[in-house]
Amino acid sequence: MAITLNNGFKMPIIGLGVWRMEGKAIKDIILNSIKIGYRHFDCAADYKNEAEVGEALKEAFDSGLVKREDLFITTKLWNSDHGHVLEACKDSLKKLQLTYLDLYLVHFPVAVRHTGVGNTSSPLDDDGVLDIDTTISLETTWHAMEDLVSSGLVRSIGISNYDIYLTRDCLAYSKIKPAVNQIETHPYFQRESLVKFCQKHGICVTAHTPLGGGAANTEWFGTVSCLDDQVFKDLAEKYKKTTAQIALRWGIQRNTVVIPKSSKLERLKENFQVFDFELSKEDLKLIGNLDKAYRTNQPAVFWGINLYA
């Protein structure tokens, strides 16, 4: 099952996010995911594991497990490389051992002090606050992204963590419209206005943190997951599915792409088994009533500044 982007390319509606996957385990996770049926992998320079993902992809291609054209590979431009878009893209391609990307995203709508291509740091100033570069506009960054499409390095370009205002601006100054806006959205943080705005203007919404963050965000940010909500437990029992499967199915029925993360084989299988049932309108409404405007991903913990304020 796939969503057709505004440029005609098809994006699988479920993918595997590789955030916080580390070391040699990545190869087995990627290869097992492909065997399960995953064809969409969501990467980022800042995840610091593109090289390991690249080794896994190379083995998958060389062994005949899958062809390059059968996969949809996303990665992202980090904040410190806004003034070096071409070099950063080429660096990611080299690490991933690919000749083109299916999708390249501006990871966050902020440029920070450059620390060297491929060195995806978040430099702080003397006050412990993110060292934001005020000389590079998002429009300048976007036009450099457009050049990547023209050069054939990237098939689709998009944005990530953009609100309605920034998305509207990008639509206004773009020659190539963003194909995707990847945002945090889940039953506790539904962001219906932003989702509908993007979809109205032909921008596919990808839901990162579609399960509300789980253990990873609890560990880093102290947040709670919607999967522990009694409504989800009741729905899981009703549909004979896991709470995660209910949340992912809800995301799919919103016409959003979902990219859950897991390192466990059984969980990988479960997360992919969401196409054999459908939530009723009544149950979609029930989940809709759970919205708490509750953001679980909080980079301000590391940056010393709340960019969402």
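From the backbone N, Cα and C atoms, a Cβ is placed for every residue, glycine too.
Taken straight from TrEMBL:
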ACT_SITE  Tyr47  active site, proton donor
BINDING   His107  substrate binding site
DOMAIN    14-289  domain 'NADP-dependent oxidoreductase'
SITE      Lys76  site 'Lowers pKa of active site Tyr'
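Across the fold, the C-alpha of Lys76 (site 'Lowers pKa of active site Tyr') and the C-alpha of the residue listed as 'active site, proton donor' stand 9 Å from each other. Listed recorded positions: Tyr47, Lys76, His107; maximum Cβ neighbour count within 10 Å falls on Lys76. Separation of the C-alpha atoms of the residue listed as 'active site, proton donor' and the residue listed as 'substrate binding site': 11 Å, rounded to the nearest whole number.
Mean model confidence of the domain 'NADP-dependent oxidoreductase' (14-289) amounts to 94 (pLDDT, 0 to 100 scale).
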